[in-house]
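Worksheet: one structure, shown below.
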Amino acid sequence: MKVFSYILVYRRFLLIVLPPLVLLPLPIIVRTKEAECAYTLAVVAALWLTEALPLPVTALLPGLLFPLFGITASKEVASAYFKDFHLLLIGVICLATSIEKWNLHKRIALRMVMTVGVNPAWLTLGLMSSTAFLSMWLSNTSTAAMVMPIVEAVAQQIISAQAEVEATQMTSLGGSTNHGLEIDESVNGQETNERNEKTIPAPGYGNDAGKISSKTEPEKNSDTGTKYRTKKDHMMCKLMCLCIAYSSTIGGLTTITGTSTNLIFSEHFNTRYPDCRCINFGSWFLLSFPAAVIILLLSWIWLQWLFLGFNFKEMFKCGKTKTAKQKACAEVIKQEYQKLGPMRYPGFATDSTVALLIGILFFIIPAKRLTKTTPTGEIVAFDYSPLITWKEFQSFMPWDIAILVGGGFALADGCEESGLSKWIGNKLSPLGSLPVWLIILISSLLVTSLTEVASNPATITLLLPILSPLAEAIQVNPLYILIPSTLCTSFAFLLPVANPPNAIVFSYGHLKVMDMVKAGLGVNIVGVAVVMLGMSTWIWALFDLSTYPSWAPPISNETMP
C-alpha cells in the first residue's frame with residue numbers, strides 16, 4: 001500500500017518524467033531530424049494534455065530541445081516567442097483593461113437586458129446577446145467573470161421575489177403570514193391562487209422531472225445553501241448560467257482578437273502562407289459573424305426548450321401584465337444600471353499596428369483629474385490619471401498565453417525546418433481519396449472532442465502543424481480545413497473543466513455536471529452543423545475554396561523516410 005500512496009503523492013512528477021523517457025527510443029533509434037522533431041512534438045503534446053506542468057512552462061521546451069537536436073538555432077527559436085501576434089495581444093488587453101476599469105461592460109450588458117425586457121425567454125436572449133458582444137472584444141474568461149455577478153443578482157431576485165409576494169398575499173388574506181402554506185406556481189406567465197397542483201413541461205429531465213410541481217420541496221444550491229422556491233426557479237438559474245458560459249465562448253468566435261485560438265490560427269496561417277494576405281480582422285469577421293449569430297440563436301432555442309420549455313404564444317403576446325418576479329427582476333436590473341451613474345466621456349501596417357496604436361493611446365488620454373487639499377483647505381488639481389495605468393495593464397495581461405502561443409510558433413517552425421511537416425503530408429496523402437466534406441467533418445469532430453479534455457490553445461497549437469500539411473497533401477485549399485478546425489476548437493461546452501467560462505458559472509452552485517453535459521452536447525452538435533453549413537455556402541464563396549490556390553506550396557512527389 002505504501003507504493004500506491006507514493007504513486008498517488010508523486011503522480012504529477014511521474015506524468016512529467018515518463019513521457020520523455022518512454023518516447024526517448026524514437027530519436028535514438030531513428031536518427032533523423034524528422035524523428036527528433038516528432039519526439040519534441042510528442043513530449044509537448046503529452047505534457048499539454050495532462051497539464052502536469054503549467055502550459056507556459058511546457059511551451060518553453062521547444063526553445064530547449066530544438067537547439068540541442070540541431071533542428072534550429074537558439075536565436076531562431078527565440079524569435080518565435082515574440083511575433084506580430086504579441087503586439088496585437090498587448091493592444092487588445094489595453095482595450096479590455098480600459099473597458100473593465102470604466103464599467104463599460106456592465107453598461108452594455110444592463111442596457112441590452114433593459115431593452116429586451118424581463119420575460120424569461122427574452123431575458124436570456126438579452127443576456128446571451130450582450131455577453132457575446134462583450135466577448136468579441138474581451139477574453140471569454142473575463143466576460144464570463146464580469147457578467148456572472150449581474151446574472152447572479154437577477155437569479156437571487158427570482159428566488160426571493162415570489163416568496164415576498166406570497167408573504168404579502170398571506171398577510172392581506174389572513175392578517176398574518178403562514179410560511180407553511182404554499183401558493184401555486186404561475187402558469188404561462190399568469191399568477192394563480194388555485195389550490196390544485198399545476199405542471200409545466202420541462203423536457204430532458206426524466207419522466208417525473210418533466211413536470212414542475214409547485215408543491216415540491218424547495219431545492220437547495222449545493223454551494224450557497226440557497227433554497228429554490230420551485231423547480232422552475234432552479235431551472236431558470238441553470239438556464240441563465242449556461243447562457244453566460246456558452247455565449248461568452250460563441251461571441252469570441254467573431255473576431256480575430258476574440259479568443260486566443262483565433263489569434264494562434266491567424267499568426268500560423270500568415271506565417272506559413274505569407275503570399276495569401278486573406279486572413280485579417282475584416283475577413284475573419286465576415287466569415288465568422290454569420291456562424292456565431294446562427295449558433296447563438298439555435299443555442300438559445302435549445303437551452304430554453306431544455307430547461308423551461310418554449311412557448312411562442314407567451315413570448316410574442318402583447319399587452320401582457322408582468323408577474324411579480326418579472327417586475328422584481330426589472331427593478332434589480334434598473335438599480336444596477338443606475339449605480340453606474342451618468343456616462344463620462346473622457347501597407348506595412350497590420351491589425352497589430354492598429355491595436356498597438358489604440359493601446360498606447362489608453363496610457364495617454366486623460367480620464368480624470370487628480371486633486372489634493374492644500375494646508376489652507378483649498379482643493380487643487382496636481383495631475384491627471386490616464387484611462388489605464390501600467391499596473392492595471394499588467395494585472396490583465398495573460399503572459400501565460402503569450403508564452404504558450406510562442407511555444408506553438410516555435411513548434412511549427414521546427415516541424416517545417418526538420419521536414420516533419422512534409423513527411424506528415426506525404427503519409428496523409430491517401431486521405432485524398434475521401435470526399436473533402438468528410439475530411440472536414442472528421443477533423444472538426446476530432447478537434448471538438450479533443451478540446452473537451454485539453455486547453456483550447458494547446459489543441460489548436462498541436463493540430464495546425466498537422467492539418468496544414470494534410471491540406472497540401474490532398475491538394476485542397478488549406479483554409480477549407482483550417483477554418484472549421486479553428487472554429488470547432490472553441491466548442492468546449494460539455495464539462496466544467498473544458499474551459500474557464502464553464503468553470504466560472506459552475507462555481508456558482510446552480511449546475512450539476514450532467515446539466516452541462518446535456519446542454520453542451522446539443523450546443524456542440526449545433527456548432528459543428530453550422531460550421532459545416534458555412535463552409536459550403538458563404539465561407540466557400542468568400543475565399544473561393546473550390547480551387548487549390550497559387551499561394552499554397554506545390555506538392556512534391558519525393559519520398560520521405
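Yeah, the Cβs are placed from backbone N, Cα and C, and that goes for glycine too.
From a predicted model like this one, the values you see are computed outputs, not experimental measurements.
If you look up TrEMBL, you'll see 12-30 (among others) marked as transmembrane segment.
For 42-69 (among others), the entry in TrEMBL reads transmembrane segment.
According to TrEMBL, the feature transmembrane segment maps to 81-99 (among others).
Here TrEMBL flags 119-138 (among others) as transmembrane segment.
The region 'Disordered' annotation in TrEMBL covers 180-227.
Distant neighbours of the transmembrane segment (239-265): 85, 88-89, 92, 120, 123-124, 127-129, 131-137, 139-141, 143-144, 147-148, 151, 154-155, 279-281, 284-285, 288-289, 291-292, 295-296, 299-300, 303-304, 307-308, 351, 355, 398, 401, 404-405, 408, 456-457, 459-461, 464, 482, 486-487, 489-493, 499, 501-502, 504-506, 508, 510-511, 515-516, 519-520, 523; these residues of the same chain sit at least 6 beyond its ends, with a Cβ under 8 Å from one of its Cβ atoms. Positions annotated as transmembrane segment by TrEMBL: 239-265 (among others).
Annotation comment: TrEMBL describes 285-307 (among others) as transmembrane segment.
The transmembrane segment annotation in TrEMBL covers 345-365 (among others).
According to TrEMBL, the transmembrane segment annotation covers 436-467 (among others).
Feature annotation from TrEMBL assigns transmembrane segment to 479-498 (among others). Panel annotation: around the transmembrane segment (479-498), residues 245-246, 249-250, 252-253, 259, 261-262, 265, 269, 278-279, 287-288, 291, 436, 439-440, 443-445, 447-448, 451-453, 456, 459-460, 463-464, 467-468, 470-471, 506, 511, 513, 516-517, 519-521, 523-524, 527-528, 531-532, 535, 539, 543, 545 of the same chain, lying at least six beyond its termini, place a Cβ under 8 Å from a Cβ of the stretch.
Long-range neighbours of the transmembrane segment (519-543) within the same chain, counting only residues 6 or more positions beyond its ends whose Cβ lies under 8 Å from a Cβ of the stretch, are 242, 246, 278, 283, 286-287, 290-291, 294-295, 298-299, 302-303, 306-307, 437, 440-441, 444-445, 448, 477, 479-480, 483-484, 487-488, 491, 493-495, 498. If you look up TrEMBL, you'll see 519-543 (among others) marked as transmembrane segment.
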Under an 8 Å Cβ to Cβ limit, what residues of the same chain, 6 or more beyond the ends of the transmembrane segment (436-467), are close to it?
41, 44-45, 48-49, 51, 55, 259-261, 264-265, 268, 401, 404-405, 407-408, 411-412, 415-416, 420-421, 424, 474, 476, 478, 480-482, 484-486, 488-492, 494-495, 498-499, 524, 527-528, 531-532, 535-536
